[in-house]
């Protein structure tokens, strides 16, 4: 239940070896990688209707978007799940952030189709189609978490040089404030996120913040991340070259459920020593859960992990107490825009 499986270690080894080869290749090549300009950008809020920082920001930017506009770019703030926002609930029928897969996007629209599936098809039509040349270049998808994750960036593709360079820029701009990067690339865990419609999907996860509540400090942290991301895109479009860089990431390895009884009921809660310790090292023997009878359930594993999304309120229904991650480095090649922005002075 809590130990690292051979399959997970095998995938981890393959991933590390792959990254080593990529790093070696980048070190032996001095040529820059030319990327097309990023012209169309969307900022999604309200993918989950009770995560209010993104809802408030997107609504504000729809009324007054001066701060998000940049030369040579179209930046579109967009409320992704308006029905859930109106009810201040995570979703109406199903999780919008899990249905951007081929089956749901290609599903026949009938009267009883889940609202979020129909909405996903609408979003895919506006900002996609997903995987096509016509898709938006970049989407920032704004989320809140009840977990103590701070201002976290979520990366979906370990080979996306442009996005890795952007994250490197954002992390430096925010320093000394920490800005962890969660890599959700995994051989079997498939998220099918709302932002995956774009060529470069960027998740922004900021917490802790309760569901249905907005905190000024949390909203400000999210706002700064978006600002620095847009600044990076403008510099890139204008011809700024970005030399090879390396960032630290936390790669998702496994989801861990709460201990349950034969009736599938939770019988132990997050241990106080684990609560709020997102991104902190967890070693063999460290406490994980505590039963109401006072029994401590410890982590049993042969390697250090870094848990996150600890005790996230929305994940009880997903049978997830936290996510195991491992720390590693990702590198991006020397990157520049293939077409300079002609609108700059």
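Cβ atoms here come from the backbone N, Cα and C positions, even for glycine.
The annotation active site, proton donor/acceptor is assigned in TrEMBL to 205. For 90, 205, 315, the entry in TrEMBL reads N-acetyl-L-aspartate binding site. According to TrEMBL, the domain 'Succinylglutamate desuccinylase/Aspartoacylase catalytic' annotation covers 38-232. If you look up TrEMBL, you'll see 246-325 marked as domain 'AstE/AspA barrel-sandwich hybrid'.
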Cβ-centroid neighbours of N-acetyl-L-aspartate site 90, 205, 315, 8 Å, sequence order: 48, 51, 143, 144, 145, 146, 309, 312, 313, 314
Spatial separation of residue 205 (active site, proton donor/acceptor) from residue 90 (N-acetyl-L-aspartate binding site) - C-alpha basis, Å: 15
Within the domain 'AstE/AspA barrel-sandwich hybrid' (246-325), residues counted as helix, strand or coil by DSSP: 3 helix, 31 strand, 46 coil
Cβ contacts of residue 315 (N-acetyl-L-aspartate binding site) (under 8 Å, same chain, 6 or more positions away): 309, 321
CB within-chain contacts under 8 A for residue 205 (active site, proton donor/acceptor), separation at least 6: 143, 144, 145, 149, 152, 153, 154, 182
Per-residue pLDDT averaged over the domain 'AstE/AspA barrel-sandwich hybrid' (246-325), given as an integer: 96
Cβ packing number for residue 90 (N-acetyl-L-aspartate binding site), 10 Å threshold: 21
